[in-house]
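Structure record follows, encoded as structure tokens.
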């Protein structure tokens, strides 16, 4: 392991954060450490504890001019079996291959450290920078995400806080740091469908209504439906059934109902209302006695080429020499909440190959590269 004294400022901070076991929604004083550093750098701090979730908003600069916000989360997913790890998941070790190992190394304490060190350096080098540098940090991203970024954004919107650009530190890279940035995400619409039948004896089907038999053609049609064609930025909308439950456990009983859980990952070519109406039409066409509970996790958002994406892409090219690819693939992130403010949102972070896995790790030197990319982006937008 590399001695602590030999580590760069970014790696020192990343290790300090990883050593705090902040399994969602626990923050474990990660934000206290970050706020102390930002306060020392002249940032105005605003802690926002909402229910059992720690959040904070911090800003540095003028009230006039554009605002560049760094957003991220201090919470991490559970470790899984600790004995399966090569080292304690909260030890923050750098191995002989130069990999920083620990829960949160990639998702996303490495990014948090890079953001903070880049911002410290920027406000020192450019104390009279235009606009504002801001941070929006939560401990509720890996969990329900009700009282984290979503709730903070609602407060910021209520007081008409300006947010022009936002870099979310999610691990966007696939093979090399900066090779991919996310300039949007698909929407996520979940549903729990109940199809009601009539329970009975399997030997007397004329006295029962089998919800499995009734629902099967409708579910097959939903699975085969072509929802949209996507567009230049998004693939076509997808429909997936994740759970299907029916039956009493007995082999001689026709069940009384069937429950199917499904999810849409939808592009900007579809709307929530449109998808719901089309599902209802298919279920009605098959004459089902049905009920659906809908749950919208987030609407799709897209940041088209413009000031933020241009600055991030140019900084990646300047620091690494490579051209980045803008993508909307993958799951949802807190960017979906920030985008509701009309903010240009880009996700940029380290390689995501081991996120949420046992032995999560990231190339330690990548975090210093990421710091420089963030710093150069700050210069391009606010210097």
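The backbone N, Cα and C atoms fix where each Cβ goes, and this holds for glycine too.
Per Swiss-Prot, the features are as follows:
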BINDING   73, 107, 170  Zn(2+) 1 binding site
ACT_SITE  75  active site
BINDING   107, 142, 356  Zn(2+) 2 binding site
ACT_SITE  141  active site, proton acceptor
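Here residue 141 (active site, proton acceptor) is positioned 6 angstrom away from residue 73 (Zn(2+) 1 binding site), judged by their C-alpha atoms.
Long-range Cβ proximity for the residue listed as 'active site, proton acceptor', meaning a same-chain Cβ under 8 A and a gap of 6 or more residues, is found for 24, 72, 73, 75, 148, 149, 333, 334.
Taking each of the binding-site residues 73, 356 in turn and counting other Cβ atoms within 10 Å of its Cβ gives the largest count for 73. The number of other CB atoms found within 10 A of the CB of residue 142 (Zn(2+) 2 binding site), across every protein chain shown, is 22. Sequence-distant neighbours of residue 170 (Zn(2+) 1 binding site) (same chain, six or more apart, CB under 8 Å from its CB) are 72, 107, 108, 111, 182, 333, 335, 347, 348, 349, 352, listed in sequence order.
Using a 10 Å Cβ-Cβ cutoff, residue 107 (Zn(2+) 1 binding site) registers 27 neighbours. Within 10 Å of the Cβ of residue 75 (active site) there are 26 other Cβ atoms, across all protein chains.
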